[in-house]
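Okay, structure first, notes after.
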């Protein structure tokens with residue numbers, strides 16, 4: 001793939017290139033997650049793609065393969081409280097920063113999905129739709145998505161009345177109906193408009 005070659009490890013052979021992506025900016029509940037991945041060019045992983053187009057079982061299998069074969073990977077998050085105190089964009093960038101800083105080696109370059117980048121101690125380049133173009137970003141999107149989905153399963157066990165296992169925190173009709181019935185739980189983002197509608201401030 002031309003885009004993968006353009007942004008690949010060959011240009012930075014000493015320390016590698018990290019792909020960075022997030023999961024969970026839009027939902028009404030739960031932390032926002034981010035991951036950073038430095039792939040091993042000697043151990044390519046087939047099937048990497050934007051996590052949103054992969055079925056859950058495929059994502060899980062790829063996540064395990066990424067963890068086993070990548071040169072370095074890290075998953076991080078910013079909590080619901082952090083989202084409410086600093087806003088979702090800043091919290092997302094904080095989670096990305098934590099993910100890159102958690103790698104066991106500092107990359108020469110971080111390729112970040114989207115058009116906003118965190119402050120890092122290495123060179124940074126943003127790439128629109130990078131999760132579909134650059135394998136390292138695809139890998140990061142898969143790790144972030146599977147980690148957040150696991151977190152929402154945990155929240156479902158704590159607060160089964162909301163159906164987090166079904167909508168993953170997004171503002172679906174079911175979720176909004178359960179919010180009207182039960183009100184927000186401690187993991188709902190009080191700075192988000194649908195939660196503010198219940199008269200609970202951040």
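Including glycine, each Cβ sits where the backbone N, Cα and C put it.
113 is the residue from 81, 84, 113 that Swiss-Prot records in the divalent metal cation site together with 21, 22.
Excluding the listed site residues 21, 22, 113, the same chain places 20, 23, 34, 35, 96, 112, 114, 130, 131, 137, 140, 141, 144 with Cβ atoms within 8 Å of the centre of the divalent metal cation site Cβ atoms.
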